[in-house]
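In what follows, a single structure is set out as structure tokens and then discussed.
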Amino acid sequence: MSLGSYGLSFIESYQVLLSRLLHLSDPETVKEHVIMNIRLPRIIGGILAGIGLAVAGSAMQGIMKNPLADPYTTGISTGAGFGAAVAIIGGIGAMFGDVAIILNAFIFSLIPMFVIMSLSKMRKPTPSMMILAGIATMYIFSAMTTLMMISADANDVQSVYMWTVGTLDKVTWNVIPYMLISVVFGCLLLVWKAKELNVMSIGDEGAVGLGVNVEKTRKITLFAISITAATIVSFTGVIGFVGMISPHVVRMFLGSDHRYLIPASGLFGATLLMMADGVARTIVAPTILPVGVITAFIGGPLFLYLIICRKKEIW
């Protein structure tokens, strides 16, 4: 809370926080406004986004059996991004508020999921086929988003652009409840399916032989990922690498047991995103960089380092 263009010490930040929580100060000062209305919701939103992306990434990697998989790879977040862009550029968000953007993003995020699940019924649902189908869907949504931005108003284009690079600037107290509900709901569903995800790691046929309803588990998992990713992307944009690097790092230390991998990935993702946001707020202060730029700078080299230094296969 002490990081940012407006100078506040560590002690001052927590004095302000305690005074507001205990109702010891009135009226509101500039320091209190900065802490309570700008930085604190940004921190809480960043923590929720980090948890949601990392947990969704760990579950997606589990059902795909691929450490490179995440919600973005399968096109879910790109679909949510297109839905949010439709709401922003089409004026739906201005007319009905943030709820309309979330709902629109959620609806469009379901399209890649339905495409993947439909293809899974048409042919053998191998992880490679599902990833390739997701990538194809991702490119389609990206192209449509670009076409919309070409003919859009300059302010709307700016909003969509900042949204695509990933930023916490738009996170306020008004959107925190929506993020909290979706992240908690998605995380609970994924934790509930942790044992089935462990069994599915041996393959669909083996999991069926052990009594797991693979199709149902995969649908529930993809649905939980869709809810979480759609809400996060609606408010923060596409923040890269958190959903992929967090479970990958945790898996190297704790193994592939999803009972531990999912919650640990969430903690690591929240920590990683908070560190990146701290850098984004201070490296070129008073200008605040999009946090997605920082996560890419951190995640890219770190991921290459982990690949080079890895001595054994995860799966």
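Here the Cβ of each residue, glycine as well, is placed from N, Cα and C on the backbone.
Feature list (source: TrEMBL):
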type     : residues : note
TRANSMEM : 43-60    : transmembrane segment
TRANSMEM : 72-93    : transmembrane segment
TRANSMEM : 99-119   : transmembrane segment
TRANSMEM : 131-151  : transmembrane segment
TRANSMEM : 171-192  : transmembrane segment
TRANSMEM : 220-246  : transmembrane segment
TRANSMEM : 288-308  : transmembrane segment
Close approaches to the transmembrane segment (99-119) from elsewhere in its chain (Cβ under 8 angstroms; 6 or more beyond its ends): 74-84, 86-88, 92-93, 125, 129-130, 133-134, 137-138, 141, 178, 218-219, 222-223, 226-227, 229-231, 233-235
Recorded stretches the transmembrane segment (220-246) and the transmembrane segment (43-60) touching, at least 3 CB pairs under 8 Å: yes
Long-range neighbours of the transmembrane segment (131-151), counting only residues six or more past its ends (CB under 8 A): 64, 66, 69, 72-76, 78-79, 81-82, 85-86, 89, 108, 111-112, 115-116, 119, 157, 160-161, 164
